[in-house]
Amino acid sequence: MRFSIFFKVVALFMITLFSFGAFAYYFVSSQISHENYQNEMRHYQFVTTINEILNNYSDYRAIEDYLYKIGFRETTIENLEKVLAKRRHQLHHRNIGYAEVFKFSDMVFILLKKDEHFVLYKDLHSVSYRNYFLAITVGLLLILFLFLFVLQSLLPLRELRSQVKPFAQGDKSVSCKSKQKDEIGDLANEFDNCILKINAMNESRVLFLRSIMHELRTPITKGKILSSMLKEELSCKRFSSIFDHLNMLIEQFARIEQLASKNYGSNKEKFLMSDLIDKIEKMLLIDEDKESPIHVSSSNYIIEADFELFSIALKNMVDNAIKYSDDKQVFLDFIGNNLVVSNKSKPLKEDFEKYLQPYFKSSNPSQAHGFGLGMYIIKNALEAMGLNLSYHYSNGRICFTIHDCVFNSFYDLEEDNEELPPPPPKI
C-alpha cells in the first residue's frame, strides 16, 4: 500500500500530538498529586503545632499570630454550617481547645475550638496550575506551528507533481519555476531548467529533421520528373521505382523518429497478411520476376495492428532473417494468435535482451556482426502497439514470435459472415 508524503506528515503529526498529550496528562497529574500531598502534610503539620500550643500553653493569642503568619484568616461562611455541625458536636465533648483541618470546595480551613465557641480560619494561599497549562498550550502551539511549517514547505512538491504529469504526457508548455529558497525550490528550478533544455533540444531536432527531409525530397522530386522524361520505358520504370523507394525510406525514417521520441500515435486496424507481404517485398526491393525468399504458410490470415508500424517492424525482422540465415530464406508461420518469423541459423550467442539494444555487437569474434537498429526498432514498434516479442531456438531455426497479433483467418471470417476490412493503400 502506497502513502503520499503528505499523509505520512499528517500521520506523524497526529502521533506526535497524541504522544505529547499523553505525556502532558501524566506529568500534570503526577505534579498535582505530589503538590496536594505536600500541602496536606503541611496543613497537618500546622494543626499538630496548634494542638501542641493549646495542650501546653492554651495561648490563643500565639495561635492567632501563628495562623496569621502561615496565611490563614478568620472567616465566617454560612453555607458551611451543615458541614461544621458534625465537627462542632465532636469538639463540644473536648474540655480543652482543639484544632482540625479540612477541605471544602477546594478550599482549606482550620476549625479551632476556643473556650466554648468555634472560630473558622481560611487558607488564603491558592493552588494554581496555570503554569502547567500554559506550558502545555505553548507545546501544542509549537507542534502545530512546526506541522504547518513543514506542510507549507512540502506544498511545492504537490505543484511540481501536477506539472510533471502533463509534461510526461507530452505537454511541453509547463513551468516549474519556484521562489522557495530550499532544497525543494532548487529541485523545482532545476526541473524547470531541464524542461527548457528538453524543449530546445526537441525544437532543434525537429528543425534538423525537417531540413534533412526537405533537402532530400527536393532532389528526389527532381529525379522523378527527369526520369519521367526518359524515352526508354524500362529505364523510366526503374528510376521511378528507385525514387519511390527513397521517398518511402524518408517516410519510414520520419515514423521511426516519432517512434523513438514516443510521439507516434498507434492506430490499430485489420488487414490481410497478403497485403502486408506485398508491402514488405516492395520495401525490400525484392524482384517480382524472381522467387521470393519470404515463405508464408498462409496469406489468408488477418493481422490486427497499425499497418505502417507493423510493416516497418516485420520488414526489419525479415531483412535480418534473410541477411543472417544460412540459406537466405525466411519463414512466416502462424501458431494460434501468434506470428512466428524463423530462419535457418545458429542460435544467438548472447542474451536476447542484448540484441534489442541499438548497434549491439556480439563479443564473439566469429559473430562480430550485430543487428544495427533493426531489433531496437522492432522492439519499440511492437511495444507502441502493445505487442510482445519473444525468442527461442528449435530444430536448427532461430524463431522470433510476435504474440497476439493475429486476429483471425480469412476462411474463419467467411464462415462467420463477417465483412472483410478493406486493404490498406499500397505504395
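Going from the start of the chain as shown, residues are counted 1 onward.
Using N, Cα and C of the backbone, Cβ positions are placed for all residues, glycine too.
These features come from Swiss-Prot:
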type	residues	note
TRANSMEM	3-23	transmembrane segment
TRANSMEM	131-151	transmembrane segment
DOMAIN	151-203	domain 'HAMP'
DOMAIN	211-398	domain 'Histidine kinase'
MOD_RES	H214	phosphohistidine
CB contacts for H214 (phosphohistidine) [other CB atoms within 10 A, all chains]: 9
Beyond the flanks of the transmembrane segment (131-151) by 6 or more, those residues with Cβ under 8 Å of it: 6, 9, 13, 16-17, 20, 24, 27-28, 31-32
Rounded mean pLDDT for the residues that make up the domain 'Histidine kinase' (211-398): 82
The domain 'HAMP' (151-203) - residue tally per DSSP class, helix then strand then coil: 39 helix, 0 strand, 14 coil
